[in-house]
């Protein structure tokens, strides 16, 4: 079974967490694209969605789902998104698609975060397989990079990428993130950092893993 097929299995299983007459929080990325496609079957049952990226917004509108601005809603029932890495405790690294800041905002509005992944994203310690993305205001890039080196990381500028907010991304290698919540706060306190891709303060309440045997739900 291909990775794409396992993503589709996880995405399909996430529909059970979507309640009728609610506004759904939707993340971004390849697994979320599978979820948006699956959500088309419920488009007449939900009020609409809040999207964490322009790409997701366009995909939702294309299938006829109304998209609301995050400022128009006070709370979301559920937020569905993927992850680049996720631990058994639900802490994640996200931001491979450079939408981490908006993902953090929309997920913070939700009562429940449902993370949909294939098995390759499961790790015991964050930073094992994937660098940590950090969104940075352009003028602070060099300063922030030096601070990340001081923390033990090896930052790499993601060439040619500008976020939906007009900022740049540093991908930090060689972090072995034993205390995700502490590291999330430490990096966010560096002047010029918008946010980083550790999702530990807003962790996943439910993880759905697509496997060849079907969807495995971890709560």
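Cβ atoms here come from the backbone N, Cα and C positions, even for glycine.
Feature annotations, courtesy of Swiss-Prot:
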ACT_SITE  103  active site, proton acceptor
BINDING   28, 29, 30, 31, 81, 82, 83, 84, 94, 95, 96, 97, 121  substrate binding site
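If you compare every pair of Cα atoms in 28, 29, 30, 31, 81, 82, 83, 84, 94, 95, 96, 97, 121, the residues listed for substrate, the longest distance is 16 angstrom. Across the binding-site residues listed here (94, 121), the residue whose Cβ sits among the most other Cβ atoms within 10 Å is 94.
For the binding-site residues shown (28, 30), fewest C-beta neighbours within 10 angstroms: 30. With respect to Cβ neighbours within 10 Å, the recorded positions 81, 103 differ, and 81 shows the lowest count. A separation of roughly 14 Å, to the nearest angstrom, links the Cα atoms of residue 30 (substrate binding site) and the residue listed as 'active site, proton acceptor'. Most other Cβ atoms within 10 A: among the binding-site residues 83, 96, that distinction falls to 83.
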